[in-house]
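Shown next, in structure tokens, is the structure this report addresses.
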């Protein structure tokens, strides 16, 4: 539908890379990132993150894709700049830290004011409208992402929906950019105002957090009364209104998105009477307390933590639920050792990192893991996990 466009992705994390590679099948894409190591890997057709499809596409597909640390080179000729920088939740202000997004917007406005900026970073409700008014510009479109870490490119190739936070001809053209690189056909597309698009992202993730919290609470109840959690979940989820998905018990919801998005939604609507959303946050804390108490009932001298990552197939442990378990166990004076091959150094959270898996298994009285692995099959009698379905 288009000629070849020049598209820059700012931020080479899983959101930026999955969008950049999607579009590099048909257009000229430059990935901008401040980390030279990431840029060097990408220019060598290697992925800096763990994502099977990203690794495969970089190494085997014909892509018009390169990376740079030079923002002037990245932005100066771009038709579109996709902003995918991190917006961590700031507990002090009860808001997302949007400074990285704002910095990109200012840089692009200075270097290439004609570029259309597409914000993929998760932002507070009302952010896009406010910054457009504040800077006196109109070339910003918010389009939320619904990607899983470790499967980000797959989710862009097979999207559940495409949401564009603007109702205009240029919004329709943007939707086509996301569609033309996808494998899935007949993708639902919804055009909304920017504020509604921002709310869609936060409410979607908050619902997922609620679902995780519900099945975790079901599991806590079942474990407390000696019931078979799996049988209960199977029976509940045969109801098509409930569905057999996102129902595997865990140590709590975690990862990069669900904790911060739920808290941001609470902050956005703190003036609105609510019980459910605040209860989700409380339920997640309660789950971690429950898991910790179950572990401590075994009276271990040494608790071994197998992997910090939140999901299998991911290389990220930001806000992983097991971190909260570690803190609680250590507060009780119990020694914790950790096996996490992704971390360099000798300690994490002031707990020793054990490099050799066999030695780790031998030292631990009980091994806890959020998600099971075949590596633990030989010591399954001392493993504690609530992973019933072997999925995320």
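Placed from the backbone N, Cα and C atoms, the Cβ positions cover glycine too.
These come from Swiss-Prot:
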type: ACT_SITE; residues: 257; note: active site, nucleophile
type: BINDING; residues: 6-23, 33, 38, 87, 122, 149, 256, 260, 318; note: NAD(+) binding site
type: BINDING; residues: 145, 146, 147, 148, 149, 201, 205, 246, 247, 248, 249, 250, 254, 311; note: substrate binding site
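On the structure: features taken from Swiss-Prot.
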residue: 6; record: NAD(+) binding site; DSSP (3 states): strand
residue: 18; record: NAD(+) binding site; DSSP (3 states): helix
residue: 87; record: NAD(+) binding site; DSSP (3 states): coil
residue: 145; record: substrate binding site; DSSP (3 states): coil
residue: 205; record: substrate binding site; DSSP (3 states): helix
residue: 249; record: substrate binding site; DSSP (3 states): coil
residue: 254; record: substrate binding site; DSSP (3 states): coil
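Rounded to a whole number, the C-alpha distance linking residue 6 (NAD(+) binding site) with residue 145 (substrate binding site) is 21 angstrom.
Between the candidate binding-site residues, 10, 18, 87, 205, 247, the densest Cβ environment within 10 Å is the one around 10.
A separation of roughly 7 Å, to the nearest angstrom, links the Cα atoms of residue 205 (substrate binding site) and the residue listed as 'active site, nucleophile'. Close to residue 254 (substrate binding site), meaning Cα to Cα within 10 A, are none of the binding-site residues out of 10, 14, 18, 22, 87.
The Cβ neighbour count for residue 6 (NAD(+) binding site), using a 10 Å radius and every protein chain shown, is 18. Residue 147 (substrate binding site) sits 10 Å from the residue listed as 'active site, nucleophile', counting Cα to Cα. The Cβ of residue 260 (NAD(+) binding site) has 88, 89, 96, 122, 319 as same-chain neighbours under 8 Å, each 6 or more residues away in sequence. Most buried of the binding-site residues 145, 149, judged by other Cβ atoms within 10 Å, is 149. Long-range Cβ contacts of residue 249 (substrate binding site) within its own chain (separation 6+, distance under 8 Å): 215, 216, 218, 219, 229, 233, 386, 387, 388.
Across the structure, residue 10 (NAD(+) binding site) and residue 145 (substrate binding site) are spaced 15 Å apart at their Cα atoms. Using residue 14 (NAD(+) binding site) as the reference Cα, a 10 A cut-off selects 149 from the recorded positions 145, 149, 247, 257.
Distance between Cα atoms for residue 247 (substrate binding site) and residue 22 (NAD(+) binding site): 30 Å, as a whole number. Just so you know, of the recorded positions 22, 147, 257, the Cβ with the fewest other Cβ atoms around it within 10 Å is the one at 147. For residue 87 (NAD(+) binding site) paired with residue 257 (active site, nucleophile), the C-alpha to C-alpha distance reads 10 Å.
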